[in-house]
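Since the structure comes first, as structure tokens, the remarks are kept for the end.
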Amino acid sequence: MKYIFVTGGVVSSLGKGVASASLGALLRARGYKVTAVKIDPYINIDAGTMRPYEHGEVFVTASGAETDLDIGNYERFLDLDIPAGSNITTGQVYQEVIRKERAGDYLSQTVQVIPHVTDEIKRRIRVAGETAGAEIVLIEVGGTVGDIESLPFLEAIRQFKFDEGDENVLFLHLTLVPYLGTSNEFKTKPTQHSVATLRSVGISPDIVMVRSKTKLPPEITRKIALFTSVRENRVFSSYDVGHVYEVPLALEEQGLGKVVEDLLGLERTMPNLGVWTNAVRTIKQPTREVTIAIAGKYTEMPDAYLSLMESLTHAGIANDARVNIRWVNAEELTESGEGGLATQLGNADGILVPGGFGIRGIEGKIKAAEYARTRGVPYLGICLGMQIAVIEYARHVAGLEGANSAEFDEYAPHKVIDLMPEQLEVGGKGGTMRLGDWPMDLRGGTTIAELYGVPQGGTVKERHRHRYEVNPAYTEQLQDAGLTISGVTPGVAGRGAGLVESVEIAGHPFFVALQAHPEFKSRPMRPSPPFAGFVKAALRGQSSDEQGTEATTASV
């Protein structure tokens, strides 16, 4: 097995995840079995309880792990499901070391960072690769070289090269070369210091990748090679591009794939990058455009909805369209009248309400769902967005005045959304939700079944992350009022009826909402069916509007 470790220097948020995923895509395009591991030096066990404003979205894997958003990048770029155990945190490592100490596994030993913590880190990396059946394992070390939190991990990967041999381990270091407009020059000193810091802990990079605004000129590449003792053909420029899906193509053009094959003693192969070329062409030169309004809670931090944004991009590729996102702060909709709603949501070709937690902005999201329902605007609800759609329908169509979710009002007269029975005895917050892949039985003859390619009905799987569900006590009343329950998970313990997985409104141009998070399974070459159908409906709505305008003009 071969191992590629990716570290970062100078500043955080340089894009190590995208760089690692892009390299993985180049290796996958050459036919290698690749998997990815993300190391996060924080003491949290996982990302599940962290603030979206600070950490971005929590990406949920098929196995139910709540992980760093970079795992989502790996799944999208590599077009595979990353197995459990591929997001390693300091909290996980120390928890296991302490468990072993208490169990007596280290009897007579003084438990220390070296070798016990570093051995546990190495064990987890190897297990992740073996579990995936990989030939090449990409390991991104989070944080910045020089941070105190990263030191045990850097020591572990230093040992890795000693353990596995030079031909099986490669170190890639990502740094920043800022451009100073006042002096009209690139500054390489931060990169020089970053590599020196990495060398001070015993790691010499085999490849240096440089983030910069534009592609580095040859003289700057030569200077970096000279001062970092890395050959010039191993210094790569990761410059700003229009879309992240251009990064693999830009790196391949510079020869990254060939250099990695040479360093790891692999036979050179020709990559098949046609799917990436076609995807980028569609992104940059679409035949149509569509605007989607996202009524959310974390609109100031788009990374909180990263997979959702990428899913819309994938849906755009499938429909040969550019998807423009209009961010709408749901709190601002709360007090909005008709004029305010029209300003925020008017001219949007579709409205999407994403997942989330907490009461802030809830009434604004309900108004967004009502706006879409009553005006025939395509609507897609994700997780909380489905619960919002049910609350709105219960209040304004089913006649259940005061309907709400128990999450927001435990004294509501009609708790149409309630805590799942199996959650009643749950005390802790971390890792205790309904997580990962769950089956959805789709009803034949519904929009959702058509989208998933099972028009007569069938079972599909999507990822979930929730504690609350549509209250089974109200499903009959909601259906009598015209709401279609198009998908359920049957046989859930503690209830007579199945858990509601999707709802829709018959006769509406497109009103579909799911309890699941289909964005987590969307890929550039395999878009999520609900997202692809949503964008298609939004484009269809544009055509209808244009035809209506033409008819009106003709009649005048």
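Residue positions begin at 1 at the first shown residue.
Glycine is treated like the rest: Cβ placed from N, Cα and C.
Note that the coordinates shown come from a computational prediction; the quantities given were computed from them, not determined experimentally.
Taken residue by residue with DSSP, CYS383 (active site, nucleophile) is part of neither helix nor strand, so it is coil. Taken from Swiss-Prot, the feature active site, nucleophile covers CYS383.
Under the three-state DSSP scheme, HIS517 (active site) falls in the coil class. Less than 8 angstroms from the CB of HIS517 (active site) sit VAL60, SER307, GLY355, ILE382, CYS383, GLU462, ARG463, HIS464, ARG465, each of them six or more residues away in the same chain. Positions annotated as active site by Swiss-Prot: HIS517 (among others).
Sequence-distant neighbours of GLU519 (active site): residues of the same chain at least 6 apart with a C-beta under 8 Å from its C-beta are SER307, LEU308, GLU310, SER311, ILE382, SER528, PHE531. According to Swiss-Prot, the active site annotation covers GLU519 (among others).
Annotated UTP binding site per Swiss-Prot: SER12, LYS187, THR188, LYS189, PRO190, THR191, GLN192, LYS223, in sequence order, evidence recorded as sequence analysis. Around THR191 (UTP binding site), the same-chain residues six or more apart in sequence whose CB sits under 8 Å from its CB are GLY9, VAL10, THR175, LEU176, VAL177, VAL208, VAL210, ILE224, PHE227, THR228, listed in sequence order.
Among the features that Swiss-Prot reports, CTP binding site is placed at SER12, ASP147, ILE148, GLU149, LYS187, THR188, LYS189, PRO190, THR191, GLN192, LYS223. DSSP assigns THR188 (UTP binding site) to coil, not to a helix or a strand.
According to Swiss-Prot, the ATP binding site annotation covers SER13, LEU14, GLY15, LYS16, GLY17, VAL18, ASP70. Counting every protein chain shown, the number of other Cβ atoms lying within 10 Å of the Cβ of ASP70 (ATP binding site) is 24.
Using a 10 Å Cβ-Cβ cutoff, ARG467 (L-glutamine binding site) registers 17 neighbours. Taken from Swiss-Prot, the feature L-glutamine binding site applies to TYR53, GLY356, LEU384, GLY385, MET386, GLN387, GLU407, ARG467, supported by sequence analysis.
In the three-state DSSP scheme, ASP70 (ATP binding site) is classed as helix. Taken from Swiss-Prot, the feature Mg(2+) binding site covers ASP70, GLU140.
What Swiss-Prot records for 291-544 is domain 'Glutamine amidotransferase type-1', and it gives sequence analysis as the kind of evidence.
On the 0 to 100 pLDDT scale, the domain 'Glutamine amidotransferase type-1' (291-544) averages 93 in the predicted structure. Cβ contacts within 10 Å of VAL18 (ATP binding site), excluding its own Cβ and spanning all protein chains shown: 20.
With a 10 A radius on its CB, LYS223 (UTP binding site) counts 19 other CB atoms from all the protein chains.
Close to GLY385 (L-glutamine binding site) in the fold, though at least 6 residues off in sequence, lie LEU352, VAL353, PRO354, GLY355, LYS365, ALA369, ALA513, each with a CB less than 8 Å from its CB.
Scoring each of the recorded positions (LEU14, ILE148, CYS383, LEU384, MET386) by how many neighbouring Cβ atoms lie within 10 Å, the top position goes to MET386.
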